[in-house]
Amino acid sequence: MPRRERNKFVKRGQIIEISIEDYAFGGKGIGRIRNEHGEFVVFVPNTLPGQLVKAQIKKSSKKYAEGKLLEILKSSEDEIEVPYQDIPGAPYIQLPIEKQHQYKKQSTLELFKRIGKVADIEEKLDEFVSSPNTFHYRNKMEYGFSAIGYDRELKTDVDEFTLGFKRRGLWWCGENLNKDSGLFDKQVEDNLKNIREYCQKSGLPPWHGPKKEGFFRYFVVRKSYKTNRLLFNLVTTSNGLDQFHLDEFAKYLVEIFEERVAGLFHTINDEIGDRTIATSGSINLVYGDDKIVEELLGLNFEISMKSFFQTNPKCAEKLYSKVIDYALENKASIDNNIVLDLFCGTGTIGQILASKAHNAQIVGVDIVASAIEDAKENAKRNKIDDLKFFAADVGKFLTEHPEYYNKIRTIILDPARAGIAPKTLKKIINLNAERLVYVSCNPATQARDTEQLMLAGYKIKKLSLVDQFPHTAHIETVVLFEK
Ligand SMILES: C[S@@+](CC[C@H](N)C(=O)[O-])C[C@H]1O[C@@H](n2cnc3c(N)ncnc32)[C@H](O)[C@@H]1O
């Protein structure tokens, strides 16, 4: 066997200090090691150009290495102070939003050039859409309880009752959220420490990650921007439940949030996996209503604790408007035609499109049966007919419905982060539609699918980037492909 050449720059496990010089797609900072052997690239996720960081090498190849961020030793000159508690979910909150946009735009277009092989992608850019709310834009948060905390000064884990988020890179450590993180609801987050103290006083233990035992596990909150109401879910194990008074806890929430409390659920999760929902557990309504209502572009959507809904609803309106604009740009291909809404989730896009194009017939397909149930209910409530929904895998659905081949002019695609499976993409290509409106929450997989679509004769007519998640590395894209 040939011996692997020794890396002349870094070793796996090595801790290095490195200056970040550039920004790559997905929030990876690029640092460079220069020595007598030449220059070597190290990617460090969640870092920024201008920072000096301490990182531990996790992977290394001949061409580059990837390190895990351990500590920011020096901030970038671009960073500013913000009045929020820093959390792992908002690594770029100290970077002015315009600068965040610049990095996201450059790195996403670069991806289409490199992976999608679209050399003239800059010329296709229609719009970079900003989020209407830069701060406090999320409608859902999941806070975790932990029996192990982290002391930032001593830089070590400590026994502590915590409620907040995991310490970055330390799965067994929680960190208290003591005030507003700037992402979700200020009143909820400013009161999280009171909720933690209430739970701690019960004497019941929080979840201990390594031992996989404890009582309190998660506290989940959903918010409606239309009504400003809150839906809560307390997730615990059953071990000690007879000593905790859920009704009293509901009263305590009403004391704090008054009429904003829509309802409280209680979930029992005795499974050891790190999830809020248990496959074999139960979820019961303890107080109030089991749903909140959200409005998007004039339509109402009921949101239950389990259903998927866009996390930044105000920006989702902008995203969906873009999708509808692209779909309606050639109205002749919609009118009196069937439009496929593939990976439709709760059918939001299809319903909005149907409300604007009355003589189109929309067919939505999603693999999650409960999302399809919600889609049907929402369509009924919004009095939108001419919609059909199927709970199925898109690939299987297309095999079982040959009647759609050569009959569809417009397809809307909004797959999950993994993109479209190659076999399913082939079936979609075989439908022979004139136009595809492809929405993606992961442009890396969309750029990969772009190459296949271009080989099949599609061209990018235009694309927009939508900043659905300020202060993170995420970006959504809407691409209009035409044959
Ligand atoms: C980004 S979400 C779509 C959201 C939807 N357009 C909306 O706005 O509500 C992606 C969806 O793809 C669905 N999905 C993932 N794999 C699938 C498959 N193989 N077949 C059908 N649907 C799938 C997921 O259940 C999820 O609802």
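Note: Cβ is positioned from N, Cα and C throughout, glycine not excepted.
Look at TrEMBL and you will find Cys441 tagged as active site. Here the Cβ of Cys441 (active site) has 20 other Cβ atoms within 10 Å, regardless of which shown protein chain they belong to.
According to DSSP, Cys441 (active site) is assigned to coil rather than to any helix or strand. Annotated active site, nucleophile per TrEMBL: Cys441, in sequence order.
Packing around Gln310 (S-adenosyl-L-methionine binding site) is summarised by its Cβ count: 22 other Cβ atoms lie within 10 angstroms of its Cβ, all protein chains included. DSSP assigns Gln310 (S-adenosyl-L-methionine binding site) to coil in the three-state reduction, placing it in neither a helix nor a strand. Annotated S-adenosyl-L-methionine binding site per TrEMBL: Gln310, Phe343, Asp366, Asp414, in sequence order.
Break the domain 'TRAM' (9-71) down by DSSP state and the numbers are 0 helix, 43 strand, 20 coil. Positions annotated as domain 'TRAM' by TrEMBL: 9-71.
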Quiz question: given the binding-site residues Asp366, Asp414, which has the greatest number of C-beta atoms lying within 10 angstroms of its own C-beta?
Asp366
Looking only at C-alpha atoms, tell me how far Cys441 (active site) is from Asp366 (S-adenosyl-L-methionine binding site), rounded to the nearest Å.
16
Three-class DSSP assignment, Asp366 (S-adenosyl-L-methionine binding site), comes back as strand
Other same-chain residues whose Cβ falls within 8 Å of the Cβ centroid of Gln310, Phe343, Asp366, Asp414, the recorded S-adenosyl-L-methionine site, in sequence order:
Phe308, Cys344, Gly345, Thr346, Thr348, Ile349, Pro415, Ala416, Val439
Including all protein chains shown, what's the count of other C-beta atoms within 10 A of the C-beta of Phe343 (S-adenosyl-L-methionine binding site)?
20
